[in-house]
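In what follows, a structure is listed as structure tokens, so that the remarks can point back to it.
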Amino acid sequence: MHVTAITMEDANFPYRLGTDCAEELVARLGVRAASRYLVVCDTTVAALYGHDLVARLEKDAGPAVLLTHQVGEVHKDVTTVGALAEQALGAGADRRSVVVALGGGITGNIAGLLAALLFRGITLVHVPTTVVAMLDSVLSLKQAVNASFGKNLVGTFYQPAEVLADTAMLRTLPEREVRSGMGEVVKNALAVRPAMADRLAGLLRPDARYDDDALRWIIAESVAAKADVTGADKHERGDGLVLEYGHTAGHAIEHAARGAVAHGAGVAVGMVIAAEVSHRLGHASASFVARHRELISKAGLEDTVPACVRTDDVKNWLTYDNKRGYLDCAADTTPMVLLAGPGRPLRTGGMPLVPVPLAVLNETVDALAAPGRAGTDHRTAVPV
């Protein structure tokens with residue numbers, strides 16, 4: 001496995017990336033000499049990889065137990081974390097146990113918060129199984145779950161000891177989830193690492209079919225992009241906030257969709273909304289907005305608010321964005337990451353956030369509603 005040293009201020013951990021490397025992955029976990037391996041995954045990943053990983057660990061590393069949670073964003077909450085904690089303690093977890101987060105971003109957050117809370121903190125190792133997790137969520141110290149008022153509002157910061165990524169696990173990933181991951185890749189190219197954009201444009205596939213070489217390049221570039229901004233900002237409260245590009249409207253769309261819209265798909269639309277807002281406010285050019293649409297289309301993602309979502313709901317959730325409080329904003333504004341051009345975030349007092357009038361943001365959301373539907377009519381949720 002290729003090793004990249006991740007440094008976020010005083011937080012350091014290795015990111016190991018390979019293909020068809022299950023034996024090496026288990027060997028790396030075995031080095032931890034855990035009293036018990038607590039493998040956390042959802043019920044789908046349990047059937048694909050969870051039972052096999054537990055069996056391999058039992059054979060070659062030490063005692064292991066599988067802790068499962070239900071699939072979906074609606075289960076990413078404190079209730080799930082509490083239930084898993086009870087299961088872990090009932091299975092004999094102690095301070096020398098290791099939490100293995102086997103899955104995508106939802107599982108990573110659930111398991112990360114679990115590791116931070118058990119005995120006030122035990123070892124956490126990420127084994128990501130989705131594109132979003134491999135190139136984005138496992139590279140953050142943020143471990144959070146949702147509340148009824150919005151996404152990622154309850155959590156803490158907690159460092160993983162290691163990331164072990166095997167691209168072979170992406171072969172079972174539904175096309176919807178692969179496209180979702182590419183939404184975050186496009187974000188990296190637009191907001192953080194514009195030098196990767198041209199090659200990325202040639203690699204992106206609307207059919208979501210990528211070979212291992214392409215995936216390794218995409219993941220490695222995205223890891224480097226995230227490291228560029230978190231190296232001196234481990235809590236992502238300064239320059240690291242640029243990684244929130246597209247997430248203000250993206251999170252609102254996800255929440256309004258009640259799980260029917262994948263994270264990266266929401267972020268993709270959120271980026272177009274942010275670009276259009278920046279253009280309306282006189283900062284971004286029309287050609288830069290078009291570049292957003294080009295890359296998003298090449299990734300097989302939509303660039304309008306999905307028809308399954310009521311725009312009135314999106315506008316409501318925008319007022320609960322988790323970046324509120326970073327800036328002293330008027331009641332009729334909300335803080336957003338906006339770009340003036342590739343890799344050029346607008347700033348307020350050195351921070352890559354600007355107050356955006358809610359009237360302009362809401363008008364843009366309405367303008368980007370999927371054709372043929374009003375903002376308040378009701379639709380059946382269809383996954384995107």
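Quick reminder: no glycine exception, Cβ is built from N, Cα and C everywhere.
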Which candidate from Glu162, Glu175, Glu184, Glu363 does Swiss-Prot annotate alongside His247, His263 at the Co(2+) binding site? Glu184
Which of the recorded positions His75, Lys142, Lys151, Glu184, His263 has its Cα closest in space to the Cα of Glu244 (active site)? Glu184
Around the Co(2+) site formed by Glu184, His247, His263, which additional residues qualify by having Cβ within 8 Å of the site's Cβ center? Val132, Asp136, Ser180, Gly183, Lys187, Gly246, Gly250, Gly264, Gly266, Val267, Gly270
For Lys142 (active site), find which of the binding-site residues Ile106, Asn109, His263 come within 10 Å, Cα to Cα. Asn109
Need the DSSP three-state call for Asn109 (NAD(+) binding site) to compare against my parser. helix
Who sits close to His75 (NAD(+) binding site): which same-chain residues at least 6 apart have their Cβ under 8 Å from its Cβ? His69, Ile106
Once near-sequence residues are set aside, which residues in the chain of His247 (Co(2+) binding site), 6 or more away, have Cβ atoms under 8 Å from its Cβ? Val267, Gly270, Val337
